[in-house]
């Protein structure tokens, strides 16, 4: 009985310490997951904690379950619009990118570690995929807002590239154990089953789960538990049938998250807690499993493998996989640098340990060192890398509270509460004269713990305003109630000034164009001309050149381009032109 109490006490202390230290380290840009990994190592056999933990099977079980919850949560937060925008480049990275990365790292590792080239390729496959837990956590906790296309590519890639890494790992393990037992037909069939069964069951069972969630009434606190248990069931069923449970649970989460009545904001907050619990428990346990002194023995070659992965293999794979897609150099560079490794390589490195393959201990230690290096270098440099690559977009403050309005058909409406900031655009405006976006309605104004009448109340800093609005207008509403100290995304974009999307292309071309318009372009607005020029649906920050005009989609509402940025040519006389353009922009 006393030993049970000690286990509970140690677990609670370690978890609490990780959260407290992580809260302080986040201010310095250190990823939360790195802190949990470090706390687990300190509590382990070589640290002050002195805990001896070597249960590989338990670590494997917890790792798989935690990854399922993390991918489920990531899928819940992936919109269909995001998925459509980034699916093709993400799929290229998840297949071609993983293959190229695994091959390059494998050959380099075989040389630097002086091991058989098959074992080197196995190590390359283990560290070849990015990690959903690391990517989701680092991007969401970094406090930055990236261009939609870049963030979507990174998140979807990390959600769907695990099947390829698992396929390569299991295939190479069988090849090492029985070199004559694999044929090209068997490999193709296994890959088809992994992706095909995973996708079909993920979408099919995800639809069933969403159907149940929409029609069953349970206590609010049980909603997230039902989603997690349903996701775990989908993961287990898919794995048992030979498919990729990781792909299935991600697709199921995306399908559930895009059904308006299946999840609520309260459920999403609860799922956020579930995902954090899964991540922290997994990294603490994996930190306990490793003996740091064994990693120190192979530190130099392991660091060389990590450096080769981050600086050579991953960039080469990204630029090769993304050749057919419309991403600029900065976006590709940032995607290459953000190939974060996390729990997935460590969990995959447990496969050889459980199978008892030769050099499995070395592979585990090198994979662990690669994860440490990735979190330490890539995870702590998200902000400067995003600034350098010019993929940043300023964020907007979340409402004080938001809840979905039930019983309404059509677009989902929410009740959102905002606090008026000092110098906000709505300060000193009478409440009943607020110019809210379409489909929005002012509900209440609270001041000094009491409701104030709309007709007599002039808004001032500190007031709490409740608005009923569609979730799609949240960025615009947030900009109305916050101080303009941080310019919105469309004012920080790389352009010289802004134009309305409804302005006619011919008027802008007459002032700044360098080429003649075609007959088809002449009657178009800026927004229509840009929409016609993009092959895939545009996102904020996308740019195109029409008649010599460098136009940027600066602000969007849904699929519509609302404001267009104009970037003038950088020539010797560019400064004078830009000044003249700023004087003339009001005429356009």
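Keep in mind that glycine also has a Cβ here, set from the backbone N, Cα and C atoms.
Features reported for this protein in TrEMBL:
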type	residues	note
TRANSMEM	6-25	transmembrane segment
TRANSMEM	32-51	transmembrane segment
TRANSMEM	57-79	transmembrane segment
TRANSMEM	91-113	transmembrane segment
TRANSMEM	119-139	transmembrane segment
TRANSMEM	191-212	transmembrane segment
TRANSMEM	224-252	transmembrane segment
TRANSMEM	273-292	transmembrane segment
TRANSMEM	298-322	transmembrane segment
TRANSMEM	334-354	transmembrane segment
TRANSMEM	360-377	transmembrane segment
DOMAIN	403-483	domain 'RCK C-terminal'
Leading stretch by Cβ pairs under 8 Å, where the reference is the transmembrane segment (298-322) and the options are 32-51, 91-113, 191-212: 91-113
Beyond the flanks of the transmembrane segment (91-113) by at least 6 residues, Cβ under 8 Å: 119-125, 127-129, 153, 157, 160-161, 163-165, 168, 298, 301, 304-305, 308-309, 312-314, 316-318, 320-322, 324-325, 335, 339, 362, 366
Helix, strand and coil counts within the domain 'RCK C-terminal' (403-483) (DSSP): 17 helix, 28 strand, 36 coil
Contact check, the transmembrane segment (57-79) vs the transmembrane segment (334-354), 3+ Cβ pairs under 8 Å, seq sep 6+: yes
Proximity of the transmembrane segment (334-354) to the transmembrane segment (191-212), 3+ C-beta pairs under 8 angstroms: no
Stretch of maximal Cβ-Cβ contact with the transmembrane segment (273-292) [cut-off: under 8 Å; candidates 32-51, 119-139, 191-212]: 32-51
Tertiary contacts of the transmembrane segment (191-212), as residues 6+ beyond its ends and Cβ separation under 8 Å: 163, 166-167, 226-227, 230-231, 233-234, 237-238, 241-256, 259, 262
